[in-house]
Amino acid sequence: MNIVIAAVGGQGAVLTSKILGTLAQNIGKDVKVSEVHGMSQRGGSVIAYVRFGDNVYSPVVEKGTADILLAFEMLEGARYIEYLKENGTLIVNTQRINPMPVITGEMMYPDDLDDKFKNLSINYIPVDALSIAKSAGTIKAVNVALIGVLAKNSSIEKDEWIKAIKDTVPEKFLELNLNAFEMGYRLK
Amino acid sequence: MKKLMLGNEAVARGAYEAGVLVATAYPGTPSTEVTEYIANYSDIKSQWSVNEKVALEVGIGSAIAGARTVVSMKHVGLNVAADPLMTVSYTGINAGLLIVVADDPSMHSSQNEQDTRYYGIFAKIPVLEPSNSQECKDYVKLGLEISEKYDTPVILRLGTRVSHSQSLVELKERNEVGLKSYDYNPSKYISAPINMRKRRVLVDERLLNLEKEAESISINEIEYNSKKIGIITSGVAYNYAKDVVLDASFLKLGMTYPLPTNKIAEFINSCDTVYVFEELEPITEQKIRSMGYNVIGKEVFPISGELSCEILRKVLLNEIKEVLPPFEGLPQRPPVLCPGCHHRGPFYILKKLKLHVAGDIGCYTLGGFAPLNAIDTTICMGASVGMAHGFEQARGIDFAKKSVAVIGDSTFWHSGVSGLIDIVYNKGHSTVIILDNSVTAMTGHQENPSTGKTLSGEDTPVIDFEALGKSIGIRRTRVVDAYDLMELEKVIKEETNAEEPSLIITKRPCILKKGIKFDFKTYVIDENNCNGCKLCLKIGCPAISFDGKIARINTALCVGCGLCKDVCKFSAIDIEVKQ
Ligand code: SF4
Ligand code: SF4
C-alpha cells in the first residue's frame with residue numbers, strides 16, 4: 001500500500017503520517033514513513049510518504065504508484081497528482097489556501113481544479129474537511145477528518161484506525177480528533 | 001519490542017543502548033532530531049553548543065576523558081568543525097567518539113550539497129552508512145566499537161531520507177559501559193609537531209588495519225541472486241535498488257570508507273555487468289576504477305540530487321512508469337515568514353530604505369524572497385557580518401552607510417560574533433542588526449544562549465548582546481521593538497549614518513516559540529476605508545490577501561502584531577478584540 005500525503009506546511013502532515021505508520025505497524029506490516037522537515041514547515045508545499053506491506057524497502061513512493069493521494073488542500077492535490085496510479089484514489093480537502101504568489105496578485109489560483117479532477121480516470125473524493133474539523137471543535141483536525149474518510153474507503157477495520165489515533169495523538173487533543181475522525185468516517 | 005522510529009530517533013536510541021554518556025550538537029536540518037531525542041535519555045548528558053566546531057571540541061574532550069560520546073551536525077556543519085576533525089584523527093580518542101553527519105541531497109533545506117565521505121577520506125577516519133532506522137541504531141553501536149578498537153573517531157553518514165524516514169526498530173536494553181579510565185598521555189594528546197609526526201605514521205597504519213576490517217565486517221554484505229546484474233550500493237540507494245530489481249545481486253556497503261577492495265573484486269568478477277549506485281559523488285566508483293575495473297556509474301546516474309527508484313528503473317530496465325498528466329502552470333507555494341513573524345518589520349524597513357543587506361542562515365533568509373525581497377546575499381552561518389565589512393572594504397564608507405548585516409540570535413552566537421570583533425578591530429563602520437527572536441527557529445525552535453534555557457530545559461543565564469557589544473568596543477547599541485516600524489526606520493537611518501560600528505538588536509519572540517502568549521486580538525479590514533491600494537500586501541503576511549477589490553485578513557491566521565495597520569495609509573485596518 002502506497003499513500004502520499006500532500007499538504008501546506010503547518011497542516012499536520014507529519015502527525016498524519018505517524019498515525020498511518022502506527023496503523024500499519026499495529027496490523028503487523030513492514031512499514032516506512034518519510035517526510036521532509038525544515039524549510040517546508042513555514043507554510044510551504046510539503047509531501048510525506050507512507051508505504052506498508054510484507055517487505056518495504058524504499059521510504060519514498062514512486063510517481064505513478066500511489067494507491068491513495070491524501071491532499072489537505074486543492075492546489076497541493078493538483079501539484080502531486082503524478083504520484084497517483086491510474087484508478088487510484090484522490091481524497092482531497094476542498095479548502096483553498098492561497099500561496100504567496102496568489103496573495104501578491106502575481107498569479108491566479110486555478111479555479112477549475114474540481115473539473116479537472118473529475119475528468120481523470122481516478123476515484124475522486126472531495127471532502128469539506130475544514131467544516132468537519134470546525135464542527136468537531138478545532139480547525140486543526142482537518143487531517144484526522146480526512147483520515148476518517150480514508151478509513152471508510154479502506155479494508156482495514158475501523159477499530160484499528162481508532163487505536164492508531166489513540167496511540168499517536170496527545171491525550172489533550174484526543175477527544176476532538178476522535179470526533180473529527182468519526183465525522184469523516186460517517187460521511188456519505 | 002519493535003517501534004516505528006525516525007532514523008534520527010534510532011541514532012539516539014543507539015547512543016542510549018551503547019552506553020553513551022555525552023552528546024553535543026548544533027541543530028541543523030536534517031540532523032537536529034538526533035540530539036533532541038538523545039535529550040530524552042537522562043543517562044546521557046546532552047547540550048546544544050554554539051556551533052559545530054565547539055560541539056566537536058566538547059565531544060573530543062569528553063571522549064578523551066573516558067566517556068562514549070556522540071556529536072551531531074549537518075553536512076555544512078562539518079565544514080565548521082573540520083579543523084578539530086583533522087587533528088582528532090591523529091590524537092585518537094579514548095572512549096568511543098561517533099560523529100553523526102546528515103547530508104542533504106537535493107538541498108531540501110540547505111545552501112549546498114556535500115558528500116561527507118570526502119571528510120572521511122580527508123581525515124582518514126572510517127565512514128559508516130545505514131540504510132534504515134534499524135541500521136541507524138545498530139551502526140551507532142558498531143561505530144563506537146570500531147572507534148575504541150582502532151582508537152579513531154568514526155563518522156556515521158546519514159542522508160535526508162535516512163534521517164527523516166521512519167521504519168521499525170527492535171529495542172534493546174542499555175549496556176552500561178561506564179567511564180573508561182583517563183590516562184595522562186601528552187605525547188598522544190598534545191598536537192605539537194614532535195608528537196604528531198609520530199602519530200601520522202600510526203594514522204596510516206590504522207587505515208591499513210581498517211581496510212582489513214572492511215573486508216570482514218558484517219555490514220559489507222554480498223547477496224547473490226541472478227548474476228547478470230550486480231549492484232554496488234549503500235545507504236538509502238540500496239533500498240531504491242531493492243525495490244526496482246529484486247533478482248539482481250547486491251554488494252551493500254555499510255562501511256563506505258575505507259572500502260573492502262577484495263570483496264569488491266570478488267563481486268565484480270562474479271557478475272556480468274556491475275553498476276555502482278551511490279548518492280552524490282562517485283567515490284566508490286572512482287576507487288573501483290582505480291583498481292582497474294570497469295563499472296557503470298555516474299555516466300548514467302545523476303551526480304547531484306537524490307537518487308530514486310525512477311532513475312534506476314529507467315537506466316536498468318529502460319522502463320518509465322505511466323503517470324497522470326501533470327497540471328500545468330500551478331502557482332508555486334514557497335515557504336514564507338509566519339504571520340506575526342518578528343523579522344517582517346525590519347525587512348520591510350530595510351527594503352523601504354533601499355539598503356544593501358548581507359543576509360544569513362535562518363528563517364529570516366525567507367526575507368530575501370517576494371514580496372519582501374530585502375536581502376542581497378547569503379553564504380553560510382555567520383557570514384553576513386564579515387561580508388558587510390567586506391562591502392565596506394571594497395566600496396568604501398559611503399557604501400557602508402547604505403548597507404547592513406542582518407543575523408539571527410542563534411546564528412550570531414554560532415559564528416557572527418567573531419565577525420563583529422573583526423569590524424571593531426579593523427575600524428569598520430558597519431551596522432549589524434541582530435534579529436533577536438530568542439530561539440533557533442528554523443530548525444524547529446531549539447534553545448541557544450539567548451533563550452535562558454539549556455537543551456534539557458534548565459534555567460541558564462541569558463547572554464546579553466548589549467553588554468557584549470560594549471565589551472568589544474561598540475559604543476552605539478540600540479534595542480528596538482521589531483513591531484514598531486516608525487522607531488525601526490528612525491534607528492536604522494541613524495545607525496547606518498553613524499561613522500562608527502553600530503549594533504541594532506530588534507526584539508520580539510518568534511511567534512511559534514513555546515509558551516509565548518499573544519494578546520487575544522486580531523486585525524480586520526474596514527471595508528469602507530480600504531481603497532485597494534495593496535500597500536499592506538508588501539509586508540508579505542500570509543494572513544492578508546487581496547480579493548480583487550479590497551484586502552482581506554484571515555482572522556484564523558492573524559496573531560495581531562499590528563504591522564499591517566502601520567503600513568496602511570488609509571486607516572483601513574482595525575483591531576478586533578476576540579473573546
Ligand atoms: S518560525 Fe518564528 S522566526 Fe521562523 S518564520 Fe515563523 S515566526 Fe518567523
Ligand atoms: S496584524 Fe496584520 S501583519 Fe500582523 S499577523 Fe495580523 S494580518 Fe498579519
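In case you wondered, yes, glycine gets a Cβ from its N, Cα and C as well.
Under the heading [4Fe-4S] cluster 1 binding site, TrEMBL lists B:Cys530, B:Cys533, B:Cys536, B:Cys568. According to its DSSP assignment, B:Cys533 ([4Fe-4S] cluster 1 binding site) is coil.
Taken from TrEMBL, the feature [4Fe-4S] cluster 2 binding site applies to B:Cys541, B:Cys558, B:Cys561, B:Cys564. Cβ contacts within 10 Å of B:Cys541 ([4Fe-4S] cluster 2 binding site), excluding its own Cβ and spanning all protein chains shown: 28. DSSP assigns B:Cys541 ([4Fe-4S] cluster 2 binding site) to coil in the three-state reduction, placing it in neither a helix nor a strand.
Per TrEMBL, the feature domain '4Fe-4S ferredoxin-type' maps to B:521-542 (among others).
With helix defined as DSSP H, G or I and strand as E or B, the domain '4Fe-4S ferredoxin-type' (B:549-578) counts 5 helix, 8 strand, 17 coil. Summarising the annotation, TrEMBL assigns domain '4Fe-4S ferredoxin-type' to B:549-578 (among others).
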Exercise for the section: Enumerate in sequence order the binding-site residues B:Cys541, B:Cys558, B:Cys561, B:Cys564, B:Cys568 whose Cβ-atom distance to ligand 2 is under 6 angstroms. Expected result: B:Cys541, B:Cys558, B:Cys561, B:Cys564
Problem - binding-site residues (B:Cys530, B:Cys536), the one with most neighbouring Cβ atoms at 10 Å - result: B:Cys536
Completion exercise
Cα of B:Cys541 ([4Fe-4S] cluster 2 binding site) to Cα of B:Cys568 ([4Fe-4S] cluster 1 binding site), in Å and rounded, measures 13
Completion exercise
Nearest to B:Cys533 ([4Fe-4S] cluster 1 binding site) by C-alpha distance, among the binding-site residues B:Cys558, B:Cys561, B:Cys564, is B:Cys564
Exercise for the section: Using Cβ-Cβ distances, find the residues under 8 Å from B:Cys561 ([4Fe-4S] cluster 2 binding site) that belong to the same chain and are at least 6 apart in sequence, listing them in sequence order. Expected result: B:Pro339, B:Gly340, B:Arg344, B:Tyr483, B:Ile511
Practice task
Return the member of B:Cys530, B:Cys536, B:Cys568 nearest to B:Cys558 ([4Fe-4S] cluster 2 binding site) in space, with distance defined Cα to Cα and candidates limited to these binding-site residues.
Solution key: B:Cys536
Handout entry: In the chain carrying B:Cys568 ([4Fe-4S] cluster 1 binding site), residues 6 or more apart in sequence that have Cβ under 8 angstroms from it
Key = B:Cys530, B:Leu535, B:Cys536
Handout entry: Cβ neighbours of B:Cys564 ([4Fe-4S] cluster 2 binding site) where a neighbour is any other Cβ within 10 Å
Key = 24
